[in-house]
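According to Swiss-Prot:
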- HIS364: active site, proton acceptor (ACT_SITE)
- 7-10, LYS21, GLN73, 78-79, 104-106, GLY140, GLU155, ASN170, ASN228, ARG334, LYS352, TYR367, ASN378: UDP-N-acetyl-alpha-D-glucosamine binding site (BINDING)
- ASP106, ASN228: Mg(2+) binding site (BINDING)
- ALA381, ASN387, TYR388, SER406, ALA424, ARG441: acetyl-CoA binding site (BINDING)
- 1-230: region 'Pyrophosphorylase' (REGION)
- 231-251: region 'Linker' (REGION)
- 252-457: region 'N-acetyltransferase' (REGION)
Amino acid sequence: MLNVVILAAGLGKRMQSDLPKVLHTLAGQPMLGHVLESARDLQPGRIVVVVGHGAERVEAAYAGQAGLSFALQRPQHGTGHAVQQAVPQLMEGDGAEDATLVLYGDVPLVQPETLRRLMAARGQGVAVLTEVLPDATGYGRIVRDAQGQVTRIVEHKDANEQERAIKEVNTGILVAPTAKLKDWLTRIDNNNAQGEYYLTDIIALAVADGVTVSAAQPAASWETLGVNSRAQQAELERRWQAELARRQLEAGVTLADPARFDQRGTLECGRDVYIDVGCVFEGRVKLGDGVRVGPHCVLRDVEVGAGTQIEAYSHLQQARVGDEARVGPYARLRPGADLGNQAHVGNFVEIKNAVLGEASKANHLAYIGDADIGARVNVGAGTITCNYDGVNKHRTIIEDDAFIGSDTQLVAPVRVGRGATLAAGTTLTRDAPADSLTLSRIRQSTVPGWKRPVKKS
């Protein structure tokens, strides 16, 4: 069974942040979360995250997850020293018989398919993930013999002129037999320009011990890009968003402009979905067949039924929208909003913890909170469900086929019967009976000949 070690102890000084570097987000989740997802896709027996700077915050973010443990590296003396801190946990049980894969918490986008290719290249030996770069400055170089076999890795600061001319570089990611890895880590030294214990030094030891060292390459160059600064974080964000957009396009989604699309979670789309510019999708979002999302909308943890249109500048969070519905523009669906098929929610309407039944409409300037609204109900402009008494929330019930006039306040708890009509301007404090007109306002009167006051000189 596979062990995975994730190195996440670095300070991230260039990030200029109090937040541990691996907790900075990419596409809506911490970088470490991306690495953990890829690692879990391999179904390892254990994952050990090596923490250091900000250890308490990193552990708190992922504590309690099955198969995940932490090892502390303090102080930090290099990547080899970091892996040494995980060795005791790797050797527990039958761990010594396993292989260990080493990943990095600030290299967030290495894909499971690439890691499987690396595992396949290993055989019974060691495999390193390498890449050929036009400018290899700053990277460790892969040194091969005349037969093309990997013999060692030399860090840039320790490389001579001939070695610096090599374009194949080490990404840092490798897999090795656990028992041998433990032995090699005890034999490395810090006799180098940095005065650190390099994990890469195990390659020369493996070769000296007659262990085959193989190499594999990622499918895309962005998979092995690390993040050490805000600029690199922003660059990698755009590269990953471009990849996510490409995947949506290949799945049949129409994106008005792939460069202005942001997916910060999972986005599942049916057939013939159209997404306009500037939209943001967070958490888990599911769009049914034929859904159209207008420009600059935000959808977070939302399910949208087939044929529904979300108009411009609408914000939906933890909500469900049925088939053939209309939402927006400038609508807000808050947590617990549940719209039935063919429901309409128009501009400047806010719905929270409420059901709007099939073919019901709230087209203008309304607040509907803690309400159960039946089918074919018309909610007039300016309607408010007064659901909060200062301490507790109360529900409003509006039955099928009711008509709620404009500028109406429903003071919960209150019920509007089936087919009832509330006259415009009504403040409802008691239940309104079915099939009746209910109104509460003073009788209109006129004062003939009344004059407005005149400003005194």
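Note: Cβ is positioned from N, Cα and C throughout, glycine not excepted.
Averaged across the region 'N-acetyltransferase' (252-457), pLDDT in this predicted model comes to 98. Around ASP106 (Mg(2+) binding site), taking its Cβ as the centre, 23 other Cβ atoms fall within 10 Å, counting all chains.
GLY10 (UDP-N-acetyl-alpha-D-glucosamine binding site) carries neither a helix nor a strand DSSP state and counts as coil.
Around the Cβ of GLY105 (UDP-N-acetyl-alpha-D-glucosamine binding site), the same chain contributes ILE6, LEU7, ALA8, GLY10, LYS21, VAL22, MET31, LEU32, VAL35, VAL49, each under 8 angstroms and 6 or more positions distant in sequence. Cα distances from ASN387 (acetyl-CoA binding site) to the binding-site residues GLY78, GLU155, ARG334, ASN378 are smallest for ARG334.
Just so you know, the Cβ of ASN387 (acetyl-CoA binding site) picks up 23 other Cβ atoms within 10 Å once every protein chain is counted. HIS364 (active site, proton acceptor) sits 5 Å from ALA381 (acetyl-CoA binding site), taking the CA atoms of both as reference points. SER406 (acetyl-CoA binding site) sits 10 Å from ASN378 (UDP-N-acetyl-alpha-D-glucosamine binding site), taking the Cα positions as reference. Applying DSSP to the region 'Linker' (231-251) sorts its residues as follows: 20 helix, 0 strand, 1 coil.
Its own atom aside, the Cβ of LEU7 (UDP-N-acetyl-alpha-D-glucosamine binding site) has 27 Cβ atoms within 10 angstroms in the protein chains shown. Most other Cβ atoms within 10 A: among the recorded positions HIS364, ARG441, that distinction falls to HIS364. Taking only the Cα positions, the spacing between ARG441 (acetyl-CoA binding site) and ASN378 (UDP-N-acetyl-alpha-D-glucosamine binding site) is 20 angstrom.
Taking the C-alpha atom of ALA424 (acetyl-CoA binding site) as reference, the shortest distance to any of the binding-site residues GLY78, ASP106, ASN378 belongs to ASN378.
If you take the C-beta of ASN378 (UDP-N-acetyl-alpha-D-glucosamine binding site) and look for same-chain residues 6 or more apart in sequence within under 8 angstroms, you find SER360, LYS361, ALA402, PHE403, ILE404. Across the structure, ARG334 (UDP-N-acetyl-alpha-D-glucosamine binding site) and TYR388 (acetyl-CoA binding site) place their CA atoms 16 angstrom apart.
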